[in-house]
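Engineer: The structure that follows is given in the form of structure tokens.
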Amino acid sequence: MVKICCIGAGYVGGPTMAVIALKCPKVEVVVVDISVPRITAWNSDTLPIYEPGLDDVVKQCRGKNLFFSTDVEKHVAEADIIFVSVNTPTKTRGLGAGKAADLTYWESAARMIADVSKSDKIVVEKSTVPVKTAEAIEKILTHNSKGINYQILSNPEFLAEGTAIQDLFHPDRVLIGGRETPGGQKAIQALKSVYAEWVPEDRIITTNLWSAELSKLAANAFLAQRISSVNAMSALCEATGADVAEVSHAIGKDSRIGPKFLNASVGFGGSCFQKDILNLVYICECNGLPEVATYWKQVIKVNDYQKTRFVNRVVASMFNTVSGKKIAVLGFAFKKDTGDTRETPAIDVCKGLLGDNARLSIYDPQVNEDQMQRDLTMNKFDWDHPIHLQPMSPTSVKQVSMVWDAYTAAKDAHGICILTEWDEFKTLDFQKIFDNMQKPAFVFDGRNIVDADKLREIGFIVYSIGKPLDPWLKDMPAVA
């Protein structure tokens, strides 16, 4: 029986291994992590991450050919194929601070593999890593090999949170990069045979190591670039009276462009986009390509601008101050159908409003208060370290309260900011909400999910990103 071990029981490792176990009943899959609470949660009825469909998959396999354990060394030693899915945070100090990936956790995983291995291993990069990481890992393993043969493969994930299980069941492509040597090619075939149990062969792409590593960064950079492009257009639409939804629809009909990732919003978030682009910027700078680095930096710059612009709209609309005013924040996760808050635009929007002394009442169906407080008080990039290395008890922000439904959040509020596109926000009783708010009552739709005309009929003053401005907003001060 082939034995697979995955180091790291997070958003990538957990769902990916669960689906491999489901689709490959003859393979034993063990997910290991040093975090006892996380492994305990994976073995319970309340999984540590929310992902539609994940519960069912885990329940079908757990205890049969899918196991979750803290006994890292035992399972690594026994495995034939080791997936490494550990954190690769952005460095906060030293060489490349603010851009380069911190490979501390990757290196310690590689050294541990070398220490405990007694048989040949295929080591698979599953975390998003900078180009040439495989080479570094290879050096660590071969210099500590004790006669054991290691083959390094790059198998980047292309999951979208909220649809991860469907993405794993029906992937656009599975990418496997390896060495162009007989051993490397044999390792590629071994991993390919696992995926081939359910993925059509023409969707399994094999490349060299560097192409696979760079393809992951490039894919995220291109997706983020589309979002920043349409968000840049949204600012122009507001200035001219155009409607960004109509513009997006028109350009999306061009088959060369396509309709996906063209929804204007308050900005992109998630664990990968910003981190991967910063990584790309650093690689470009290290390779003497400053113009290319500047190009990709601009994608992040526009994303930051969009969040700042949104906060400025809120403050400017409400007589240029939100000091002491209650603002309801609907949605804190970076997108719907996930509880993930990493790099969510809500953090910067909330911090911007708090900077003007607003009082925030936040509701998100999947994010708890501890996580919100942690996100609002943590230093940038700290979120990407393992939980046991993050600040244990963050100081709470007094002006922030978390509530358990949208109506409580909006009661006596001066304004509502919609920051996540949860489906339930589309069907709220806005008449009821309006009746219980301070007047004038404002809605700032950062995801363009409400019917602005209907809300205006009720009496709301509405701001929708990239849409023709409410007459009220036209009279307010110019927005930076």
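Each residue, glycine too, has its Cβ placed from N, Cα and C.
Predicted automatically and left uncurated, TrEMBL annotations should be read as such.
Annotation comment: TrEMBL describes C272 as active site, nucleophile. Annotated NAD(+) binding site per TrEMBL: 8-13, D33, R38, 86-90, 127-128, E161, 272-275, R342, in sequence order. The feature domain 'UDP-glucose/GDP-mannose dehydrogenase C-terminal' is assigned by TrEMBL to 328-452.
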Engineer: Looking only at the domain 'UDP-glucose/GDP-mannose dehydrogenase C-terminal' (328-452), what is the model's average confidence as pLDDT?
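Structural biologist: Taking every residue in the domain 'UDP-glucose/GDP-mannose dehydrogenase C-terminal' (328-452) and averaging pLDDT yields 90.
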Engineer: Could you check the binding-site residues N87, T90, Q274 and say which one's CB has the most other CB atoms within 10 Å?
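Structural biologist: It comes out as Q274.
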Engineer: For the C-alpha pair, I'd like the distance in angstrom between T90 (NAD(+) binding site) and the residue listed as 'active site, nucleophile', rounded off.
Structural biologist: 11
Engineer: Taking helix as H, G and I and strand as E and B in DSSP, count the residues of the domain 'UDP-glucose/GDP-mannose dehydrogenase C-terminal' (328-452) in helix, strand and coil.
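Structural biologist: Summed over the domain 'UDP-glucose/GDP-mannose dehydrogenase C-terminal' (328-452), the classes give 43 helix, 19 strand, 63 coil.
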Engineer: I'd like the number of other C-beta atoms within 10 A of the C-beta of G8 (NAD(+) binding site), please.
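Structural biologist: If we count other Cβ atoms within 10 Å of G8 (NAD(+) binding site), we arrive at 25.
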Engineer: Cβ distance under 8 Å to D33 (NAD(+) binding site), same chain, sequence separation 6 or more: which residues?
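Structural biologist: In sequence order, the residues whose Cβ lies under 8 Å from that of D33 (NAD(+) binding site) (at least 6 apart) are I7, G8, A9, G10, G13, I39, F68, T70, V72.
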Engineer: Given a separation of at least six residues and a C-beta threshold under 8 Å, show me what packs close to Y11 (NAD(+) binding site) in the same chain.
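Structural biologist: Listed in sequence order, they are I49, E51, L159, E161, A164, S271, D340.
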